[in-house]
Structure formats: C-alpha cells, structure tokens
C-alpha cells in the first residue's frame with residue numbers, strides 16, 4: 001500500500017523547482033506533477049516529473065493530498081489561493097505583509113466552505129522569522145524585537161535598478177550592518193534608524209554610451225528604494241554579472257532582547273544563512289504541506305498560518321519518537 | 001470582571017522566584033500564591049506574594065487556572081507532576097532527557113483521567129532548543145543538527161567539584177569551542193568529538209592546607225564529568241567566588257546545516273545568551289502556562305509537550321493581531 005503524501009505543484013518557476021527538489025528529499029512524499037500555465041511541451045522539468053496544463057488541475061482533485069502554490073504574491077496568489085482552496089488542501093507563500101489579513105479572509109472563506117485546509121504565508125519571512133517574533137515576544141514581554149535581512153539578493157530592488165535609463169542589467173544586495181547587530185546582541189536595546197540597520201550594494205551593467213555617474217546618482221537618490229540607505233554602486237561587465245551574481249543567497253536575523261528582571265537581560269537570536277533563497281523557502285513550504293495533510297485528516301479546516309500549527313506536525317517522525325529523540 | 005489567568009507556583013527556589021518575576025511582566029496573568037514544603041513563615045517572597053504551605057494546594061483547585069511546578073527533575077517532578085496533574089492544569093520543566101517518555105506516560109495517565117492539561121519539559125533545553133531541532137530537521141531533512149551549550153554555569157559539574165576532598169567551594173563553566181561553531185556555520189557538516197565541541201573551566205576555592213595539584217588532577221581526570229574534555233582549573237579565594245561567580249549565566253546554539261540541492265547548502269542557527277538561566281527558563285514556563293490555559297479551555301486534555309502547542313497560543317495577542325502585526 002502506498003501511503004505517501006501526494007503533492008502537486010501549481011506554478012513552475014524558481015519556487016516550483018525548489019518544491020520539486022525538496023519532495024525528493026522527503027521519503028514520505030511523492031510528486032503527482034507540476035501544473036503550468038505555459039504549454040507543457042515547453043517546460044523542462046526534472047526526470048520523472050509529470051508536467052500538466054493548468055486546466056488539468058480539475059481532474060486531480062482526488063489524486064493530490066496537498067497542492068503547493070508557487071505563484072507570485074502580487075497577482076497570482078490573491079486569485080489562485082482562494083480559487084484552489086475550494087478544491088484542494090493548499091500551502092502558499094503569500095508575502096505581502098500588509099495585505100495578509102485580507103488574503104487570510106478570502107482563503108478562509110473558500111476553505112471553510114469547501115472543507116479544505118489552507119495554510120498561507122509559509123516560508124521564512126513571513127514564516128520562520130514570524131514564529132521567532134512570536135516566541136521572542138511571548139517569552140520576553142519586556143523587550144524589543146529586531147529583524148535584519150541579508151546578506152541577500154533583493155528581487156524588488158534589482159528590478160528597480162534594471163528599469164533605469166542606461167542600465168542593461170544589475171542586481172542589488174541588502175546587507176545588515178554588523179555594528180548594529182553587535183549592539184543588539186549586547187542586550188542594550190538600541191533605537192536604530194533605517195540607515196543604521198542595513199546598507200545596499202548594487203552591481204550594474206551599463207548600456208553602451210550610458211553615463212555612469214548619472215546612473216549612480218539615479219540609484220542612490222531613488223525614493224523608497226535607496227534614498228534612506230547608504231548605497232554603493234559597482235559597475236561591472238555583462239560577463240561578470242552572469243558569472244558572479246546568478247545565485248540567490250539570502251538570510252538574516254531575528255533578535256529578541258529583553259529583561260526578566262532589573263538585573264538580568266536575555267538575548268535570543270535566530271539566524272538564516274541561505275545559499276538559495278527559493279530552495280529554502282520551498283523546503284519550508286513542503287514541511288508545512290505535511291502538517292496541512294495531517295490537519296486536514298484531523299478535520300481542522302479553513303485558513304491557517306504558521307502560528308496555528310503544532311511544530312511536531314512538520315516532522316515525519318511520530319510524537320513518541322520526537323519526545324524520545326529530539327525533546 | 002477579572003479575567004486574568006490565575007497562576008500558582010509549586011516550589012520556591014530559583015525557578016519559583018523566576019516565575020514570580022515573570023508573572024509581573026505579563027499583564028494578563030495574576031499570581032495566586034507560592035506553595036512551599038518549608039514553613040511559610042521562613043520564606044521571604046516578593047511584596048504582595050501570598051505564601052501557603054504545600055497542604056493548602058488542595059483548597060486551591062478552583063482558584064488556580066494553571067499551576068507551575070518549580071521542583072527538581074531528580075526527585076520532585078517524577079512524583080509531583082502526575083500527582084498534581086490529577087487536580088490542576090500544570091506546566092513543568094522536567095529535563096532528564098532520557099526519562100522523558102516515562103514521565104510523559106505517567107503525567108498523561110493522570111491528566112487524561114482527571115480531564116486536565118499538563119505540559120511537561122518546558123524551558124530551553126528541553127524546550128526552545130528542542131523546537132529548533134524539530135524545525136531544522138523538518139525543513140532540511142538532508143542535514144545535521146549540532147547543539148552547543150554555554151558559556152554557562154553547569155550545576156551538576158559544579159556539584160561534582162565541590163564533593164572532592166580539599167575543595168571548599170567552586171563553580172564550573174561549559175564553553176562551546178568557537179572554531180567548531182565556525183566550522184558548522186560554514187555549512188560543511190563536520191564530525192565533531194566531545195572534546196572538539198566544548199571545553200570546561202573551573203574556579204575552585206581550596207580548603208586550608210589542601211594540595212592544589214592533587215585537586216587539579218582529581219578534577220581533570222574525573223570520568224564522565226571531565227576526562228573527555230579539555231579542562232582548565234583556576235584557584236581563587238572564597239571572596240572572589242562570592243563576588244564574581246554568583247550569577248547563573250547560560251545559553252548555547254542549535255545549528256542545522258543541510259543541503260536543498262547538490263549546489264546549495266543552508267544554515268539555520270538559534271542562539272541564546274542568558275544572564276540568568278533560571279529566570280529565562282521561568283519565562284518560558286509562564287508563556288507555556290498561557291498556552292496550557294487555552295488548551296484546557298478548548299478541551300485538549302492529557303499530557304503535552306512543546307511539540308504539540310500551536311505557537312500563537314503562547315502570545316497574549318489575538319490570532320487576528322498576530323497575523324496583522326507579526327506575520
């Protein structure tokens with residue numbers, strides 16, 4: 001008897017490929033296939049992965065235990081998550097922090113009516129970082145929480161650079177300021193401005209004949225994106241960009257610094273150092289797919305977040321084994 | 001109407017005093033009182049704290065929502081936790097890792113029969129460190145978990161030193177080896193021996209006329225405790241011991257290093273730097289007392305561990321607020 005958890009992947013970009021790789025690392029799961037809005041003939045997936053057109057999702061209601069949604073937060077997930085939660089248990093990585101309440105409400109309505117379980121906003125931020133903010137605040141109520149991101153490639157800021165006149169290509173890295181991290185770690189709870197927490201570093205390929213100084217000025221003064229930060233701009237060749245900046249590293253820190261008495265301060269630090277942001281995010285989605293499968297089996301329907309999931313449900317191990325081996 | 005969570009403290013040593021301090025930091029809780037096996041007249045608690053004899057617990061079944069057990073794991077909790085779970089919702093910090101399954105079974109039997117909720121083995125190890133072991137393994141199944149402790153005062157090792165002939169007093173600190181931590185952080189997944197992970201540092205006060213070299217030799221060759229470690233022994237005066245070594249700092253690291261693909265390694269690090277080990281442990285117990293109160297109200301009875309508790313239940317905030325503010 002095959003009792004593996006049957007996973008479907010809806011959307012096949014960096015995140016979808018990461019989910020495909022993560023399922024191969026989890027022996028209690030199997031991949032039913034990838035569902036794409038492109039022509040399946042044009043999609044080259046890993047050996048053994050079935051590729052279906054998006055329309056085939058309707059035929060797979062009974063053969064998929066959990067569907068992992070790998071679309072973007074801007075235009076895909078706000079539509080897809082409520083729509084697919086009406087037919088499937090789902091996990092998504094919706095990461096527009098300010099709009100999470102409305103996304104939750106839309107998905108919850110669909111999932112509650114359909115009797116499915118839908119976990120939204122999994123990943124690392126939102127996701128594991130959010131959990132550490134909750135644990136930190138609950139354990140050290142008299143304290144401050146600090147989040148630092150990086151060193152990491154920022155997709156949004158890289159896009160902003162590439163839209164500028166004279167720019168042929170480029171990437172942007174967000175870097176946490178080490179001195180600020182050290183201050184926070186010391187337990188003193190500093191007030192830190194935006195500029196004191198992060199710097200930004202850009203690697204830019206100019207178009208032929210473009211004015212480097214004008215491009216640099218346009219970047220460092222760009223409101224919202226760069227004006228509030230100390231920003232460094234390096235000009236490189238297209239070859240260097242392709243060779244040295246194709247990876248998508250990221251990570252960061254959540255630090256809670258608090259006092260349990262007048263005499264004693266305590267510091268809790270959670271840190272991620274990721275070679276590949278999309279592969280790590282995908283691995284989190286897959287672990288939460290296991291939990292969703294179990295919550296659904298237990299009749300716990302509707303929308304959920306990482307705050308609602310008992311951590312033991314993420315593990316393939318039994319509760320007895322977890323208590324004996326990992327507690 | 002008073003709808004605060006009413007907490008009782010059973011046992012009033014370092015941990016009990018820490019719980020007393022932690023309740024003062026949580027405005028949704030109130031302290032019913034401290035229950036002690038000593039003569040209450042001899043116990044000096046904080047201003048406003050009621051001190052009761054142990055026998056008065058029987059009269060407080062209806063006025064305590066959650067009883068936090070602050071006894072020791074060696075002889076107190078194996079008896080008290082099952083006994084008190086028959087009358088109260090409880091939280092304990094049982095930390096004898098190897099015997100957790102039998103402790104769980106005993107407490108579960110009592111709590112299930114009585115219809116109470118009993119969370120065992122809360123704190124940081126077991127506790128928050130255990131959670132990070134589960135998260136790390138679930139998200140990065142192809143990986144290794146490393147736990148480092150320290151710099152911290154070890155009660156068991158300090159006791160072992162103080163039992164030696166010629167020793168008037170002393171403390172022992174466990175230190176993680178920085179070079180080993182750096183290796184693990186780099187993502188290479190080293191195999192590390194006991195000696196490569198931690199060193200031990202002892203501060204010893206000699207009795208009059210004791211032979212320092214003989215004491216040093218007795219310490220560094222002591223089986224189980226010191227023989228497998230690089231151990232440094234410093235001889236100090238009784239005044240220095242009292243002045244410089246009265247605090248109980250501790251902490252450590254749980255690091256999960258894993259691969260999401262052949263190309264990409266990912267490192268997750270959780271770190272505690274604690275001025276006061278008992279005060280931090282107490283703060284964790286109090287946050288879990290809130291969760292126990294809610295689980296009990298939801299009819300989820302029996303023994304639980306940190307693996308069974310949805311993280312949102314630790315927070316005084318509502319689910320809506322958590323999603324809007326911390327996700």
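Every residue gets a Cβ built from N, Cα and C, even glycine.
Predicted, not measured: the structure shown is a model, and the values here were computed from it.
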Among A:250, A:293, A:301 - the residue TrEMBL places in the same substrate site as A:149, A:174, A:200, A:277: A:250
Same-chain residues at least 6 apart in sequence whose Cβ lies under 8 Å from residue A:277 (substrate binding site): A:152, A:153, A:248, A:249, A:250
Site of maximum Cβ density within 10 Å, from binding-site residues A:12, A:94, A:149: A:94
Binding-site residues compared (A:38, A:200, A:250) - highest count of Cβ atoms within 10 Å: A:250
Among A:15, A:72, A:126, the one of these binding-site residues whose Cβ has the fewest neighbouring Cβ atoms within 10 Å: A:72
Cβ contacts of residue A:123 (NADP(+) binding site) (under 8 Å, same chain, 6 or more positions away): A:93, A:95, A:281, A:284, A:285
Cα-to-Cα gap, residue A:149 (substrate binding site) vs residue A:126 (NADP(+) binding site), nearest whole Å: 12
